[in-house]
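Chemist: This structure is in structure tokens; I'll ask about it shortly.
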Amino acid sequence: MDTASIYLGLKPPRTLGAWHESPPSLPPDACRCPRSHRLALKLSCAGLILLVLTLIGMSVLVRVLVQKPSREKCCVFIQENLNKTTDCSVNLECPQDWLLHRDKCFHVSQVSNTWEEGQADCGRKGATLLLIQDQEELRFLLDSIKEKYNSFWIGLRFTLPDMNWKWINGTTFNSDVLKITGVTENGSCASILGDKVTPESCASDNRWICQKELNHETPSNDS
């Protein structure tokens, strides 16, 4: 076979472009979504934004409602304390015929009776028999009374079966503050005579001294 026949039998190879043909072009409106789909997407986005705003508004409202009672309680507490402060500055007085000393009011009876009757009389006045706090308080009372020859019942008595002196509020007598001079017997109650505290029969007749804590109410004229 000659050379010319060989060349004629061979087919020419395809060009490179034939293996990489471009894909067929799409119609111009192939990527466009239908108008109804676009509208639905917009409505969904708007609904989502509205939902987020609603949740934020509700959370703010809940927080305000939770904090409101606390603020109201705080205002009430402040107002009550302001009222108390006002009362303290205005009504620091004892009833008529009572003596004021520090935070107590004192009343000296003008009649004599037993220790029990003296305590009952103080109770009717919203008070108790005298509970001596210290020597300074006792000196104030002695200087105010200025009666050296009269005995006055105080809220101290000898109790059984403890066999000990106790104040009527239940506290034990402290001999470092006061000294009791005299013989103590069963059924003894304490009275002050001058600057001395002495034991006496609770059935004896003496005058007495009442005391009550200073309060911030309008003073009464009861004596």
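Just so it is clear, glycine is given a Cβ too, placed from its N, Cα and C backbone atoms.
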Chemist: In Swiss-Prot, Cys122 is paired in a disulfide bond with which of Cys33, Cys202, Cys210?
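Modeler: As annotated by Swiss-Prot, the paired cysteine is Cys210.
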Chemist: Of Cys88, Cys105, which cysteine does Swiss-Prot list as the disulfide partner of Cys94?
Modeler: Cys105
Chemist: Looking at 3-6, 31-34, 187-190, which stretch does Swiss-Prot describe as motif 'LCK-binding motif'?
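Modeler: When 3-6, 31-34, 187-190 are checked in Swiss-Prot, motif 'LCK-binding motif' belongs to 31-34.
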Chemist: Provide the number of Cβ atoms within 10 Å of the Cβ of Cys122 (disulfide bond), excluding the reference atom itself.
Modeler: 23
Chemist: For Cys202 (disulfide bond) and Asn169 (N-linked glycosylation site), what Cα-Cα distance in Å is obtained after rounding to a whole number?
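Modeler: Distance between the two Cα atoms comes out at 17 Å.
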Chemist: Including all protein chains shown, what's the count of other C-beta atoms within 10 A of the C-beta of Cys202 (disulfide bond)?
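Modeler: So the Cβ neighbour count for Cys202 (disulfide bond) comes to 19.
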Chemist: Between the recorded positions Cys94, Asn186, Cys189, which lies closest to Asn169 (N-linked glycosylation site), Cα to Cα?
Modeler: Cys189
